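J.: Here's the feature list from Swiss-Prot:
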- C123, C127, C130: [4Fe-4S] cluster 1 binding site (BINDING)
- G167, S217, R229: S-adenosyl-L-methionine binding site (BINDING)
- C370, C372, C388, C441: [4Fe-4S] cluster 2 binding site (BINDING)
- C429, C432, C438, C459: [4Fe-4S] cluster 3 binding site (BINDING)
- 100-317: domain 'Radical SAM core' (DOMAIN)
Amino acid sequence: MKTEDMALVFSKLILNPITKRQILNLFKKDDNGNLIIENYIDAYMKGEDINSLGYKTLKSVLDNGLKTFAGEIYKENFKDFLKDPLFKKGLISVVRGLGYFGVKRPFVSGAPFLVVWDVTYACNLRCKHCYANAGKPLEDELNTEEALKTIDILANSGVVAIAFSGGEPLMRKDLFELIDRAKDYNMQVSIASNGTMLNKTNAKKLKEHKVDFVQISLDGTKETHEKFRGIKGIYDKTIEGIKNVVDEDIFCAIATTATKLNYRDVPKVMDLAEELNVNYFMLYNYIPVGVGDYDIDLSPEEREELLNLLWEKLNNDTGKKYRTAFLSTAPYYSRTALEHNKYYLASHFANVDLGENERLKSLANFIGGCGCGRFYLSLRANGDIQPCVFFPLKLGNIKSFKDENDFLEFWRNNKILNDLRDRDKLKICGSCMYKYVCGGCRARAYSYYDDYLREDPGCILTKNLK
């Protein structure tokens, strides 16, 4: 049976009212306050059998999902993956998403996998492209009590990962208290920093508090970076910060936002990323928002040149055993891979090579493209909720939610989020053959046209679709 036909059968299984009801019942709590699904996944992992309709439903969903999208060969590996608490959290969110939304293209998780939270707008730099217009903290930024409650709500909703950003998050005095609260819930915690405050002491402290991932911004050579960031003398501090994080063996990424001011420097930064032995080089898709001007945005041709360069670097078989992976937040990066006859889920979460497995390849249509409103949300420092940090459209405020039930109700039913999840609603990108693996950047559409369903003007294909 073809994968598309198997996916249809799987979808019918999920849409069965009895199946759907049993899936949602898995998210009730037992007498110990644990989700029933957590107990059942533990039993599934151990190969145990439980005589209950809920367990049999979960087992059927997992077995049929694996068969449809991976094949039986992956079943035993899958059980090994379940030993990882983060993988287990992610799976629980997937199952909840099936109960809420069914087998959608693109897929929507039961709660955001990732929330990017600008915990403060205090910053020691003056970057020319800052989406947050950072510098001084807002007067109404969440206090410690409000921030801790926010983490409780997100964690209890099933959010897997939280990224503390800004501003410069290290300028928030209670940051490590917030990190500890998130780690108490076994959440993945990352920090997005400009690197200038990452001295040996702070890098060691991040390690001690079990931060999983640190992303540091670097936008070019010394001259370019300091011009871009608005302060002379900070390039060396940034490089030192990167080295300190790598020395602490924390997963480290260099993030470069490509504009007309620095895109010729990008290959040099990519080479430097390898020399510094970081795990990721992340090419950020520039979006004119905050203090960022439209006139420094790349043309579609310049952006295409960079994405192809990134792809070549990722697949360069020179015999060198660098560990650096090359990623981009541009949703068209997956389309770049397909144009090179490769099935790759290329995103700002990870690069996933789907290889030659036809069933795995079909996943690209379900989980590829922009995750905005499907896999992640953003929070401003005052608790305002946005689809993405580059997408300044207020959807609500976290302080208005009493608990995780209110948050999950918002996640399920917010009109704008549901618009973003429906690629058939896209006015130009919706007619593109790559709409499921890409779909364009909704933040760029909103920035340019004040309409998040319009085309992404940064994509080289849009001129042929009008």
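Using N, Cα and C of the backbone, Cβ positions are placed for all residues, glycine too.
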J.: Have a look at the binding-site residues (C372, C432, C438) and report the one with the fewest Cβ neighbours inside 10 Å.
T.: C432
J.: List, in sequence order, those binding-site residues among G167, R229, C432 whose Cα sits within 10 Å of the Cα of C130 ([4Fe-4S] cluster 1 binding site).
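T.: Of G167, R229, C432, within range: G167, R229.
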J.: Within 10 Å of the Cβ of C388 ([4Fe-4S] cluster 2 binding site), how many other Cβ atoms are there?
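T.: Result for C388 ([4Fe-4S] cluster 2 binding site): 25 neighbouring Cβ atoms inside 10 Å.
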J.: Within 10 Å of C459 ([4Fe-4S] cluster 3 binding site) (Cα to Cα), which of the binding-site residues C123, C127, G167, S217, C370, C388 do you find?
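T.: Among C123, C127, G167, S217, C370, C388, not one has a Cα sitting within 10 Å of that of C459 ([4Fe-4S] cluster 3 binding site).
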J.: Just the number: how many Å between the Cα atoms of C372 ([4Fe-4S] cluster 2 binding site) and S217 (S-adenosyl-L-methionine binding site)?
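T.: S217 (S-adenosyl-L-methionine binding site) has its Cα 21 Å from the Cα of C372 ([4Fe-4S] cluster 2 binding site).
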J.: Pairwise over G167, S217, R229, annotated as binding S-adenosyl-L-methionine, what's the top Cα to Cα distance to the nearest Å?
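T.: Spelled out: the longest distance between any two Cα atoms in G167, S217, R229 is 12 Å.
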J.: Would you count the other CB atoms within 10 A of the CB of C127 ([4Fe-4S] cluster 1 binding site), including those on all shown protein chains?
T.: 22
J.: Where's the emptiest Cβ shell within 10 Å among the binding-site residues R229, C370?
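T.: Sparsest of the binding-site residues R229, C370 by Cβ contacts within 10 Å: R229.
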J.: Counting only residues 6+ apart in the same chain, whose Cβ is under 8 Å from the Cβ of C429 ([4Fe-4S] cluster 3 binding site)?
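T.: Residues satisfying the criterion: R423, K435, C438, G439, G440, E455, D456, C459, T462, L465.
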J.: Give me the long-range Cβ neighbours of S217 (S-adenosyl-L-methionine binding site): same chain, 6+ apart, Cβ under 8 Å, in sequence order.
T.: C127, A192, S193, N194, G195, R229, T238, I254, A255, T256, T257
